[in-house]
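Engineer: Let me begin by handing over the structure; questions about it come next.
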Amino acid sequence: MENGARPMSGTLGKYNIVGGLENEFNVCFVQNRTLGLTEWQATSPLMKFLPGFMLQLTLIMALSRLLMTILKPIRQPRFVSEILAGVLLGPTLMHGTEWLALYIHPFDKTLLLETMGSLGVTFYMFLAGLEMDLTPIRKMEKTAYSVAIVGIILPGCGGMILYHLVRNDRKDAPKEGGIFWAITLSITSLPDLAQILSKLKLLSTDLGKTAMTSAVLTDLVSWILLAATVAVVNGQGDYLRIVPTLIFVLVCWGSLLRVSHRVMWRASHVRSFHVRTDDTQRRVGTKIMDKIEEFVAGILLPPVFLVAGLRTNIVYISAGYQYGLVATVIIVASLIKILSTLLVCTCLKFSFRDSLALGVLMNTKGVIAIIVLHEGRNLKGFDQQTFTWMVVSILIMACLVGPVVSFTHKSTRHLKQHHRMNLERSKPESELRVLACLHSSKNLSGLINLLHLSNATRKSPIVVFAVYLVELTGRASALLIFHDKSETNDLSAHPTREIARAFESLQNENRAVTVHPLTAVSPYATMHEDVSNFAVDKNVAVILLPYHKKPNGIGGWEDQNLEHKKVSQNLLASAPCSIGILVDRGLTRHLPLESQHDRIRNIRIAMLFVEGSDDREALTYSWRMAGNPRVTLTVVRFVPGKELLESVADDDPETLSAMFENEKEKLLDDDYINEFRFRTMHNQSITYMEKPVNGGDQIVSTITSAHNDYDLYIVGRGYDRQSPLTTGLSDWIEFPEIGLIGDTLVSVDSLMSASVLVMQQSTPVAALIDTSVSQNSISSASNKGLFSDQRNA
């Protein structure tokens, strides 16, 4: 067939087709029926149609899974695999293969397929509404609001203009098609966007939050426009048809919402505890999602993609139209939402990298776009070719999101990783940004009281991101939920609000502390990635973690949750900033009340310094705490004893090698200690002493005999160091997460009432570990970020 010629009517097996590529065509065939003498059919229709449907469902599911495996390395979402599988099983691949059309997709057996597809659409829209939270709309900032509005108007107008070009080429094209094109190009698929951001670990970033907030408004407006359009088209242009639809929505909103609130309220009281109604609804919604989401996505939605594929014929994509028009429509439709977002971001003076990433994210298309096209096709809004153009455009849009955003995200992360944050390199009197992680409310008291001691002042305030870590179960996308103050006023015992209220009390007691409570819902296997990415995005200097073990009451320790241990281990191995692990054994009872300053003793803190970057980090945090008027700090540095020095003089190969490897660290340690002593020489609350030791056993004996009466010990982890000073300790270490000295402190019976804070400085980037960096670090030691000795007013 030559280009431009429209396919004529023809015969395919027993089917006589008239107008195959029109927006409406007829198929005639002979069908045998068994009739009974009653109003009931003699045989069940399912007996005839169900086997064919099961074959179609099996094929679309199998091909989708195969394409998912193939396309996963190039970061393509599930939607691309599913819609591509539908296209490949449709007339695009079956063109010229008569037996496929006759036995896999016969015309007389498509009714059940389309019925199941409609059922899938119904369930999907229900889940989309269940998952949609309109709260962000009330808190939208200028950026998100601008991106959403312009992202609706410009693509919508673009879709109308593109369809006008089609009508100029084809005078018989239905005018209603332009509206459906406009909605398709304007929409942003919120569920698919959430999954992409979750996989790329961008949900917690400003980019992710802006995209999600804008998508909520965009989705809401698009659904309203679609409902209004369908009502008007069904009413043959009667705009009054919108009124009954509007009345129905308002009745449902007013009556059903009240009924659901009453049901939730009763359900919460039946369980004998007080829970806010909206929280009960969230939990019920989550349970519903957990029960049916996989069934809807895995069983009910594949027929939707297969129907879309059957309506798409890329072989005849330009039949009856000019190639230039087809290319123009597909290219402009694929890029117009990206360009509109770039325009807004340019006016708001965003960087090109962020603008491009946000534009591509807002151009995310998914099942919702296919639903809009199906509605347009059902209402005869466009023919098979124009339907195909939009399907191809949607495929292009969906394919761009993963690779483009992954490139901008990964490159940005790579640049940020070269500037790893820690306390030692922080500027003097600068803001300290802390990420406090909690697995349960049991971790509250220790971390909050540690922050109480951290000496927040007006010159050096503390910003705390309090993250409640929750395991992700039964969902496909991780979540990051920020809590505002209005959500924490309820007296419910729900852990989220209990944690948020506790940290807000910390903020109220000290105006130099700013708290941002949030909940991170993520699988344990990738939870450390979410925490690390959030730390990078917020320029956090230190992550505070609770120790995953708890005392068992008989002098030993027991695991609270082995998954918590794995999260801590993963963070220790890959965190972009420093980490502090708090072993809380009663730090709370030692803290003074503000009204009892004259009657309660000071908090006694001991910093045990061996060597290395982790110990310098621990000293930096201790130095900051020493600015608190209720804290007395004792710094004990362990130095080589006489016997150890003699072993070096006798050329003991093992000891000599270890001493030589640690020489550079020793230079940094000496420089840092000297500066610390110089700046604190007149501070009566700080004591410095050096203890000669010849091995790990003498460190233990020194701690147990002379330094066993402190409330809090602060040490460096230094787990992988090879130091003659700690010889022998590694032979019986039980808790490697807290290092050699930390393990010693929690294992000694005489120190059972003392809490321990173990510090690890940010893991160095391999690209930065070279001689020049080491020399620069030594020469610039006087410019290191040190906390000056300050007192709270």
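The backbone N, Cα and C atoms fix where each Cβ goes, glycine too.
This is the feature table in TrEMBL:
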- 53-71: transmembrane segment (TRANSMEM)
- 64-257: domain 'Cation/H+ exchanger transmembrane' (DOMAIN)
- 83-105: transmembrane segment (TRANSMEM)
- 111-132: transmembrane segment (TRANSMEM)
- 144-166: transmembrane segment (TRANSMEM)
- 178-198: transmembrane segment (TRANSMEM)
- 210-233: transmembrane segment (TRANSMEM)
- 239-259: transmembrane segment (TRANSMEM)
- 282-407: domain 'Cation/H+ exchanger transmembrane' (DOMAIN)
- 295-317: transmembrane segment (TRANSMEM)
- 323-344: transmembrane segment (TRANSMEM)
- 356-374: transmembrane segment (TRANSMEM)
- 386-407: transmembrane segment (TRANSMEM)
- 462-588: domain 'Cation/H(+) antiporter central' (DOMAIN)
- 604-763: domain 'Cation/H(+) antiporter C-terminal' (DOMAIN)
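Let's see these features in context: how buried, what's close, how far.
Structural biologist: Same-chain residues lying 6+ beyond the ends of the transmembrane segment (53-71) with a Cβ under 8 Å from its Cβ atoms: 78, 80-82, 84-86, 88-89, 104-105, 109, 112-113, 116, 298-299, 302-303, 305-306.
Distant neighbours of the transmembrane segment (111-132): 46, 49-50, 52-53, 56, 190-191, 216, 219-220, 285, 288-289, 292-293, 296, 300-304, 306-307, 367-368, 371, 374; these residues of the same chain sit at least 6 beyond its ends, with a Cβ under 8 Å from one of its Cβ atoms.
Here the transmembrane segment (144-166) has Cβ contacts under 8 Å with residues 136, 173, 177-179, 181-186, 188, 209-210, 213-215, 217-218, 221-222, 321, 325, 328-329, 332-333, 336-337, 339-341, 343-345, 347-348, 358, 362, 382, 386 of the same chain, all six or more residues outside its ends.
If one looks beyond the transmembrane segment (178-198) by at least 6 residues along the same chain, the residues whose Cβ comes under 8 Å of a Cβ in the stretch are 77-79, 127-128, 131-132, 151-152, 155-160, 162-164, 167, 208, 211-212, 214-216, 218-219, 221-222, 225-226, 229, 333, 336-337, 361-369, 372-373, 375-376, 381-382, 390, 394, 398, 401-402, 405, 476-479.
Under DSSP, residues within the domain 'Cation/H+ exchanger transmembrane' (282-407) fall into helix, strand and coil as 103 helix, 0 strand, 23 coil.
Tertiary proximity for the transmembrane segment (295-317) is limited to same-chain residues at least six positions away from its ends with a CB under 8 Å from its CB atoms, namely 7, 21, 56-57, 60-61, 64, 82-83, 85-92, 95, 105, 110, 113-114, 116-117, 119-121, 123-124, 127, 326, 367, 370-371, 373-374, 377, 384-385, 387-389, 391-392.
Proximity of distant same-chain residues to the transmembrane segment (356-374), defined by a Cβ-Cβ separation under 8 Å and at least 6 residues beyond the stretch ends, is recorded for 77, 79, 83, 117, 121, 124-125, 128, 147, 151, 180, 183-184, 187-193, 196-197, 207, 210-211, 214-215, 218-219, 222, 226, 301, 304-305, 307-308, 311, 334, 337-342, 345, 350, 387, 390-391, 394, 397-398, 400-401, 404-405, 408-409.
Cβ atoms under 8 Å from those of the transmembrane segment (386-407) belong to residues 74-77, 79-80, 83-84, 87, 163, 166, 173, 177, 181, 184, 192, 196, 200, 202, 308, 311-314, 316-317, 326, 329-330, 333-334, 337, 356-357, 360-361, 363-366, 369-370, 373, 376-377 of the same chain, restricted to positions at least 6 beyond its ends.
For the domain 'Cation/H(+) antiporter central' (462-588), the model's average pLDDT works out to 80.
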Engineer: Do any residues, 6 or more residues outside the transmembrane segment (210-233), come within under 8 Å Cβ-to-Cβ of it, and if so which ones?
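Structural biologist: Result: 128, 132-134, 136-137, 139-141, 143-145, 147-149, 151-152, 176, 179-180, 182-183, 186-190, 193-194, 197, 203, 239, 241-242, 244-245, 249, 358, 361-362, 364, 368, 372, 375, 379, 381.
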